[in-house]
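J.: TrEMBL feature annotations, pasted as is:
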- 69-725: domain 'Myosin motor' (DOMAIN)
- 163, 164, 165, 166, 167, 168, 169, 170: ATP binding site (BINDING)
- 562-594: region 'Disordered' (REGION)
- 604-626: region 'Actin-binding' (REGION)
- 1058-1086: region 'Disordered' (REGION)
- 1132-1154: region 'Disordered' (REGION)
- 1491-1768: domain 'Dilute' (DOMAIN)
């Protein structure tokens, strides 16, 4: 490719610029060979003519295409030169905020002067295990590369961090050490990694200071060796220091400070610990160090006074600072005062003491201060090394070298000379290493090796350190008594003036110039000799050696036993001795003659030996600006440092060879567009690449074919990119031409169609216009016709109407006239009619009056005649006869009635006389009998009976009256109460209505807000629950890790000891306490829940740090439960007694054959009573003992505890005696009742006429049991006394009446008492309800009044609070009630079971006794056959078979053995064994079996810690065993889905709640191990399958230049995975878990966790890799995620929430595909990416890389717009997702439908020793 082709029009180049160093320009005209200038256009559109040196033919540097800008590796650029490197770093630093960039094997780190969130634990875990070229550049990537090479190659490593002051060397070294501390943390409890990190602040305090370039500049170099063992855990460390800047102790330049420790000590001078430093302390070493540092401060403040002669000086004896100096160091004041101003001269003959001048004294004082500080610094480093030293054998180490970079100032002295000398040595080592790596790469790829010319700085090093070099001449001049800096400089001029690396300045005779690899540096020779000598007078040192403080004396004594060298622990060829940087001081007279230069050269040689024996890794720190501004880039300063640190030299070496390297596959995918169609038929990609390159690049030297890669010279990739772009451009033009033609054709057809359409519409329009015209013309004619017709018609109508009107008026006139005439005639007729009528009526009235008068007179006459006739008739006899006929009949009737009454009176009189005579006779007889009785001696029983009857009658009447009074009072009170209750209820209803109205109003106002608050509260509660569950499971995880760590340490101790007499604990001594934090509680007390709870409290008090309030609540709850238990016990006893009495008292209904043996009945009753009493006494005794034990535990120190104990025992004894007495009385009464019953039955048989209570009128009523018993006693006594009454009354009527009356009175009295008690109880209850209602009403009224005074918002809030509190209280009361009822029910059930068991045992004993009795009666032998019974779902085993059971069922069991069996079969078998132990009430067996099972499962899981199938198998079995313990626990909450058969399989005696918790924790541990195994199997596939593999073929492109894959730790071979591999692996997981019967809910949680891990790993890699942030990657991601979602739906796992965990990755994929230009695009991105944080969005936008030159980068302005819109987000500062985050697992209760008796045990388990019960 010719120069003309490269420098054509529109080509962009770099030209020098005084301000920006390099400036970009564009050619406006093609360059032709011979042209003297180039026509350029600058970026500001300025035209520039750039001259060319024709002789050198040096054209400006070509600029890389924009698609190559921003590369992670500078050597991956096509054009490798200084402007390209500088521009790439500037773009990455300013636009993308990337501070790290690779340059071959060097990591370039630019100090951002700002805290960045890229150093967290998540970032460390993201880089852990990754290859160096797979992730974005980072200090962690270099540290990981060193760690990986150490582990793989077993070779020591070194990380060399260099750079000038303020570039960030110390911070980079600290981050590297933090990475090693995190990844290779110590396996023991020494926490050596924390000590390594903790040493940094100490070293910074004593070795760092503020300079003009850096506020925390390290003024010394250090090399830290971090030692590792065989498992690559940190076991120790060692530190070596180089060239401490001692001169800073006594001198600081302007704007600079002394070491930090001096200012820290002064700032703390006011603290009480430092009061006595006069600036007395308590702690030995720390205080001694502070004393020494304070003494240095005081020494610097000592005032020295010159004498008049000028040759001597003195110090005032009262100098306060010298006194403090001597006191703090423990030396004699007078000696120190003397030898500060004098010195001793020793000759062969004698010794002189000579005074010193003022300047000499000051120099000596400063030298002493520097020496003291240097010795203290060395002592601190030595003790830090002792703290970091380990006795274990070191296998390998990684060294971190934090050393000063190349320095050049305006005035350069001895320190800068030594620093630059060290950098020359390091640069030489760096060049040889880079050259070696290039050579290895070429040899590996089998490319012909040609020597590359690179800068060799060995001549410069020889100039400094060779024989008679600068350092030798300096040491020689120091030995001369009168040696000066000027003489030394002159010797340098004379000796090295001919050297090309040495120059003499023109204007100075005391300075010299050395041409270093980075730049020319001018050194000023003043002070070189003094600093090199570092003279400290021996007399001053001897005074310090004699100090009374041991630490001060130790600092200056000879080192007799130097620290032994530490070796790397490998063969002799690789052993590197680690020694102190200071050579050992042998003798005091020689100690101070060894110069600083000689010491530094020795330590530097030792350092280089160490580095050459290790694999180095380089970090070059760059300071972007001198103002310390964040993300501000100064090109001048950057170029200076790039030249000084060797980055440009690396670029030059790379450019001299084949810098661009492509794998054949990547090259083919990128440049397949340049391949001809016929060549694509070849399947060998290497052959295709060869043919393409031979055709495209004619010069064979421009490329080389390696074994796996193609190597290109600099610029060839850019040429290929140009050809590719031209090919694309040609294709684009062809496509554009075709598309444009097609578009024109489409446009023409569209225009033609439009024209035809327009014509059609125009013609139609004209036709329609003509038709419209014709239609309008026709319409006009029609309108005219109708109009004319209308006009004629209107005229006719007008004339017609006028005629009609005239006719109407005329006819009306004639009609009116006729009407008037008719009216007049009618009126006349009317008048005539009325007149004639009046005249006729008047004539009629006259006639009528006359007729009436005549009639009256006639009738009066006729009446008088009739009256007269009647009077005559009345006086006749016939009339009287007719009147007397009725009276006779009445008299006869009355006579008859009188006769009947007389007859009736006679009959009654006779009856009365008979009755009177009978009564008189009876009275006489009774009087005779009464007299007879009165004459007989003794009392008369009849009188007593009569009196008793009378008294009973009176009592009965009084009782009736009282009862009536009470009933009336009760009815009145009841009515009043009902009335008051009704009033209160009415008032309450009104208040409730008002409250409801107010609540409705309030709820209407705040319904939405309340709903939102409720939703938020629910979410918060759920989140808190998840956090609490997560914290708990993290604790379980930490516990398992600590347990694993303990086991590892135990194994290590076993290996280390290797003693043959090692003893093992027997297996039967293992307990659960070694494997869990949960105490094991014996439950041998049957069903006693309170005892178990009390034991839990006792153990909790001893071992747990329980909250006191919780403990008091538990105590209160226990007391309440105890009281409830006692109440229930009393009620149960009463019920039993009543039942027994009812059975005994109830009279037999039929004839019963009575047992004549009364002793048998008495003994049976006594036995039952004694058993019940014995049981109660045992329970009471246990309770009293526990109570006394608790009291004794709580009051150990009190003196009254024995007394209280004895008192309780005495009370118990008295109660027992009283109980015995009561028992005897009860037994006697019962026997009397039985005997009376027997006598009554005998009497009833003898006298059948006397009936029982069945003939009484009240016999059908309900009578209380006690009353019935009392009545029964009365009847029995009555029957016993009937013989005495027999002679009194033969029929027994009087006695029966008396007894009946007595019994009735008693029953009535009992009923009355019961009713009165009920009445009182009801009154009390109503009163309490009334009081409660009053209180509630008062509270509501107060609340209502308070609410009315509040604002509406406060009313809403107050109402809600009141309602919530009310509902909460009700809920708590109901819960407490439910708990009490449940506990009582459980307790009663357990007691009932116990009683049933005892009854069964009693029945069995009786049956056995009867069978034995019958057996004695048999005369012959009978064979008894056992009846076959069903399998009860229990398995019995002997105690000695437990180990065999665990081995066959747990330890040695393989999941494949149970492939066809019931899932979770081992869990069912273990439960059946536990159930049998429960059935036999063997708590030790239950405890031992469960403990052994748990330990066995842990052992299996530890052995198979990477076996997914085994872990899943035991997770399912552990969960199933946990479910079984819940399902068959007897708790109704877990028995809702049980069948009746399953309820029979519940545990009877033990409550295994604690073991359920232990199994739950074990399930959590197994689940976490399962997730860890699955993640370990999936993680290597994720990045390759999700980001790198082409799921959609041909979519994703390849990086333009390809990664060089610098990492030498990459394994050979193709490790790429596709998405199908992940899906296959998850299919395998799903199949295994389903086959092994794992709960579906747990399977959902497993895949939710795995999908989160896929999301986190993929997104973290996306955020840390620039090469995958492209549009095509977004498309691939969306396709892959859709495939995973489809897999979830196909396995019915979409409800697991796994898709929601992928939401950040989905949004990241969408972000890569969205448009990123306008404001609307920014708003769309902000609204879409809600699951991504602001940092993640900005990071992806910064990393976005176009794969083709046709795409555009994301502008900085657009990113700033995004940041501005996302400012309001409160996102966490964490950039990466926590890939190790684990969702808290929940194990929902999942009962089994199988019954225990239906489970078959296969023979393959070898469990023949188990017996089915």
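Glycine too: its Cβ is placed from the backbone N, Cα and C atoms.
Could you tell me the structural context for the features on the list?
T.: Around the Cβ of residue 165 (ATP binding site), the same chain contributes 211, 213, 214, 217, 218, 404, 405, 407, 623, each under 8 angstroms and 6 or more positions distant in sequence.
Per-residue pLDDT, averaged across the region 'Actin-binding' (604-626), gives 90.
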J.: Which residues of the same chain, at least 6 positions away in sequence, have a Cβ lying under 8 Å from the Cβ of residue 164 (ATP binding site)?
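T.: For residue 164 (ATP binding site), the qualifying residues are 213, 404, 405, 406, 407, 621, 623, 641, 644.
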J.: Pull the DSSP breakdown for the region 'Actin-binding' (604-626) and write it out as helix, strand, coil residue counts.
T.: 9 helix, 8 strand, 6 coil
J.: Which site among 163, 166, 168 has the most other CB atoms no more than 10 Å from its CB, taking these as binding-site residues?
T.: 163
J.: What other residues of the same chain, not counting 163, 164, 165, 166, 167, 168, 169, 170, have a CB atom within 8 A of the CB centroid of the ATP site?
T.: 111, 214, 217, 405, 621, 623
J.: I'd like the Cβ neighbour count for residue 170 (ATP binding site), meaning other Cβ atoms within 10 Å of its Cβ, all protein chains included.
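T.: There are 22 of them.
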J.: Output the one of 167, 169 that, of all these binding-site residues, has the highest number of other Cβ atoms within 10 Å of its Cβ.
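T.: Of 167, 169, the one with the most crowded Cβ is 169.
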